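Chemist: The following block contains the structure, expressed as structure tokens.
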Amino acid sequence: MRVERTTEQTVPKEETVYTYDELKQCSNYLLERTQLRPKIGIICGSGLGGFADQLSDQDVFPYTDIPNFPTSTVEGHAGCMVIGKLSSIPVVCMKGRFHHYEGYPLWKCTMAVRVMKLMGVEKLLLTNAAGGVNSEYNIGDIMIIKDHMNFQGFGGNSPLFGVNDERFGPRFLAMNNAYDRDLRKKAKAIATEMKIENVIREGIYVMLGGPTYETVAETRMLQMLGVDAVGMSTVQEVIVARHCNMKVFALSLITNKCVTEYENDDMANHAEVIAVANNRKSEMEELSRRIVITMNADNTN
Ligand SMILES: O=P(O)(O)O[C@@H]1C[C@H](O)[C@@H](CO)O1
């Protein structure tokens, strides 16, 4: 039996990674309750879940109803799986993701990626809210993620820890071209068509554990390392998606500029993150919609 962490309750010591059969139970639950067979999955970042509301012919599944599912506890992450059509294309959309800082181990944060794979998903679009580390970035910029730095991995933590199940993917995994080169190129062309190229960036994302935002010293270190944006998600989901051979594309919305001066009293806060996400909603949603159409037209794997 799986028990979620609450303030009164701790995760039992014997808790182990999900088995193939447990994840299959989740995918069967969803497939038995929808007529749609999505090949594209979407994970929405903080305040960006409104994208799911654009889907037609929706079947909505609260995480609390799906067997073995964790729950979303963060504001701006509604906590349901929405299966529907986006411009006639069947998609499955996580309206709310799981973060490590909520108390979930990385393998648990990423379980829905494997559930999507078992449903037949081949391509994954992810969005997140992130802080701008690159001093040239502005609030409201949209960064196409070119690559990431896996700080959890450096620290000896990975969603792929434990016995490897070859039905999902290989024990050892190459991570170059994790963020598909061709999709990134096409996304830039789409942004130009949309006339939003002035807010489009392409850069390096790093996920820190959170829930604290960065200190001045940490931001300066990230700048020295060549990081462009910092957040608290996405990297582990991308690792699991690549492990099961999904094609990946990801966008960071820059919701705040990370502070690099000790005299600067600007305080990062989640209300601002959600507000900026709300202001950039229409550009993020339209760009994402067009990328889904491009993903759908692409038959290579
Ligand atoms: O789920 P994402 O990565 O979009 O959420 C970011 C990181 C934290 O969860 C939160 C901080 O404001 O927003």
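Note: Cβ is positioned from N, Cα and C throughout, glycine not excepted.
Straight from TrEMBL, here's the annotation block:
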type    : residues                            : note
BINDING : S46, H77, R97, F98, H99, A129, S233 : phosphate binding site
BINDING : E214, N256                          : purine D-ribonucleoside binding site
DOMAIN  : 39-292                              : domain 'Nucleoside phosphorylase'
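Please situate the listed features within the shown structure.
Modeler: DSSP assigns R97 (phosphate binding site) to coil, not to a helix or a strand. Non-local neighbourhood of R97 (phosphate binding site): I43, C44, G45, S72, H77, C109, A112, S233, E237, each in the same chain, at least six residues away, with C-beta under 8 Å from its C-beta.
Long-range C-beta contacts of E214 (purine D-ribonucleoside binding site), restricted to its own chain and to partners at least six residues apart, with a cutoff below 8 Å, comprise G131, L208, L222, V230, C258, V259, A268.
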Chemist: What whole-number value in Å do you get for the largest C-alpha pair distance within S46, H77, R97, F98, H99, A129, S233, the residues recorded as binding phosphate?
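Modeler: Spelled out: the longest distance between any two Cα atoms in S46, H77, R97, F98, H99, A129, S233 is 14 Å.
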Chemist: In whole Å, how far is N256 (purine D-ribonucleoside binding site) from A129 (phosphate binding site) when you measure between their Cα atoms?
Modeler: 9
Chemist: What other residues of the same chain, not counting S46, H77, R97, F98, H99, A129, S233, have a CB atom within 8 A of the CB centroid of the phosphate site?
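Modeler: Result: G45, S72, V74, G76, G96, N128, M232.
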Chemist: So which of the binding-site residues F98, A129, E214, N256 sit close to ligand 1, that is, with a CB under 6 Å from an atom of it?
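Modeler: A129, in sequence order.
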Chemist: Within 10 Å of the Cβ of S46 (phosphate binding site), how many other Cβ atoms are there?
Modeler: 26
Chemist: Would you pick out, from the binding-site residues S233, N256, the residue whose Cβ has the largest number of other Cβ atoms within 10 Å?
Modeler: S233
Chemist: Could you measure between F98 (phosphate binding site) and N256 (purine D-ribonucleoside binding site) for me? Cα positions, answer in whole angstrom.
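Modeler: Cα of F98 (phosphate binding site) to Cα of N256 (purine D-ribonucleoside binding site) measures 21 Å after rounding.
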